[in-house]
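Per Swiss-Prot, NAD(+) binding site is recorded for VAL18, ASP39, ARG44, TYR69, GLY83, ALA84, SER105, ALA122, ALA123, ASN124, SER147. Residues or ranges marked as substrate binding site in Swiss-Prot: GLN86, ARG92, ASN124, PRO125, VAL126, ASP127, ASP152, SER153, SER154, ARG155, THR232. Marked as active site, proton acceptor by Swiss-Prot: HIS179. Residues or ranges marked as phosphotyrosine in Swiss-Prot: TYR223.
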Amino acid sequence: MSSMPNHQKVVLVGDGAVGSSYAFAMAQQGIAEEFVIVDVVKDRTKGDALDLEDAQAFTAPKKIYSGEYSDCKDADLVVITAGAPQKPGESRLDLVNKNLNILSSIVKPVVDSGFDGIFLVAANPVDILTYATWKFSGFPKDRVIGSGTSLDSSRLRVALGKQFNVDPRSVDAYIMGEHGDSEFAAYSTATIGTRPVRDVAKEQGVSDEDLAKLEDGVRNKAYDIINLKGATFYGIGTALMRISKAILRDENAVLPVGAYMDGQYGLNDIYIGTPAVIGGTGLKQIIESPLSADELKKMQDSAATLKKVLNDGLAELENK
């Protein structure tokens with residue numbers, strides 16, 4: 001942690017499209033007084049630092065620079081976006097073996113620097129890589145957080161906002177489970193202005209089939225974006241900024257993140273997307289949603305899918 005009072009330091013590892021979008025979002029919001037960018041492509045990190053520096057006159061003063069893993073020593077937060085990108089036709093789980101190797105080369109030097117803050121992981125497959133970060137680092141589980149279903153939940157709220165012509169910020173709805181193909185919309189707990197989404201839907205002639213189609217569109221939106229422009233980055237960059245803000249400002253905000261399961265939903269020893277309280281010490285509390293029987297089965301099936309891929313990936317890494 002930074003030794004200066006009220007001086008917060010963030011280190012970003014990975015300056016690709018997602019990382020640079022996150023850095024821009026942090027600069028725009030004026031969050032953290034010191035922001036370090038680490039990547040194997042040094043010219044890019046130096047260029048981004050110089051470019052972001054130019055925004056300070058319009059936002060807030062901030063020390064922004066290209067750095068090394070040693071700069072993590074006194075950081076409050078290390079955000080990992082580094083990894084091989086998802087290609088058209090490739091699932092997030094297809095990325096596991098490539099990105100486990102990359103992650104193992106990142107976490108060790110961060111920890112060796114003396115870092116004692118919070119890890120926030122966004123590289124895909126994020127649930128598996130968050131678990132691996134926890135394992136590789138030896139950190140307490142509450143100080144290793146994944147972006148989880150934060151982006152997916154935003155997509156759901158935007159889609160429901162469009163469907164019912166309301167501000168998506170007035171929609172309280174969560175995508176849960178894997179950040180990927182086995183995720184699901186927890187419609188049983190979703191509300192619009194305190195009213196259950198299913199009640200609002202019924203009044204407006206929106207059927208369960210329509211809601212299922214909307215959910216499927218949310219699940220596949222990443223693939224639509226990837227097919228059109230090659231990658232997703234603005235949405236996830238903003239989601240990471242929101243989680244970072246909750247941590248650095250000790251907000252105790254309820255956000256959908258990748259959290260370690262210790263009996264919740266009947267699950268153990270896995271990171272998966274769920275609402276949780278996020279603040280200055282990391283993940284403070286998991287909000288165990290009262291899911292329907294069908295949704296609980298989807299949550300457990302999603303976890304089983306993740307656990308199999310996780311175990312296979314870690315076993316392969318150990319055998320190398």
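Cβ from N, Cα, C; glycine included.
Structure coloured by features recorded in Swiss-Prot.
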residue	record	Cβ neighbours (10 Å)
VAL18	NAD(+) binding site	27
ARG44	NAD(+) binding site	16
GLN86	substrate binding site	21
ASN124	substrate binding site	28
VAL126	substrate binding site	31
SER147	NAD(+) binding site	31
ASP152	substrate binding site	28
SER154	substrate binding site	21
TYR223	phosphotyrosine	16
THR232	substrate binding site	22
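In terms of Cα spacing, the binding-site residues VAL18, ALA123, VAL126, SER154, THR232 that come within 10 Å of TYR223 (phosphotyrosine) are THR232. According to DSSP, VAL126 (substrate binding site) sits within a helical segment. Among the recorded positions ASN124, ASP152, SER154, HIS179, THR232, the ones whose Cα sits within 10 Å of the Cα of GLY83 (NAD(+) binding site) are ASN124, in sequence order.
The CA atom of SER147 (NAD(+) binding site) is located 14 Å away from the CA atom of THR232 (substrate binding site).
Among VAL18, ASP39, ARG44, TYR69, GLY83, ALA84, SER105, ALA122, ALA123, ASN124, SER147, the residues given in the record as binding NAD(+), the maximal Cα to Cα distance rounds to 24 Å.
Ranked by Cα separation from THR232 (substrate binding site), the recorded positions VAL18, ARG44, HIS179 are led by VAL18. Neighbour density around each Cβ, counted as other Cβ atoms within 10 Å, peaks among the binding-site residues GLY83, ALA123 at ALA123. A 10 Å radius around the C-alpha of ASP152 (substrate binding site) takes in none of the binding-site residues listed as VAL18, ARG44, SER105, ALA123. A helical conformation is recorded for ARG44 (NAD(+) binding site) in the three-state DSSP classification. A distance of 16 Å separates the Cα atom of HIS179 (active site, proton acceptor) from that of VAL18 (NAD(+) binding site). Its own atom aside, the Cβ of SER105 (NAD(+) binding site) has 11 Cβ atoms within 10 angstroms in the protein chains shown. When Cβ atoms from all protein chains are considered, those within 10 Å of HIS179 (active site, proton acceptor) total 31, not counting its own.
VAL18 (NAD(+) binding site) falls within a helix when secondary structure is assigned with DSSP. Within the set of binding-site residues VAL18, ARG44, SER105, the entry lying nearest in space to VAL126 (substrate binding site) is VAL18 (CA atoms). Checked against ASN124 (substrate binding site) by C-alpha proximity, the binding-site residues VAL18, ARG44, SER105 yield VAL18 as the nearest.
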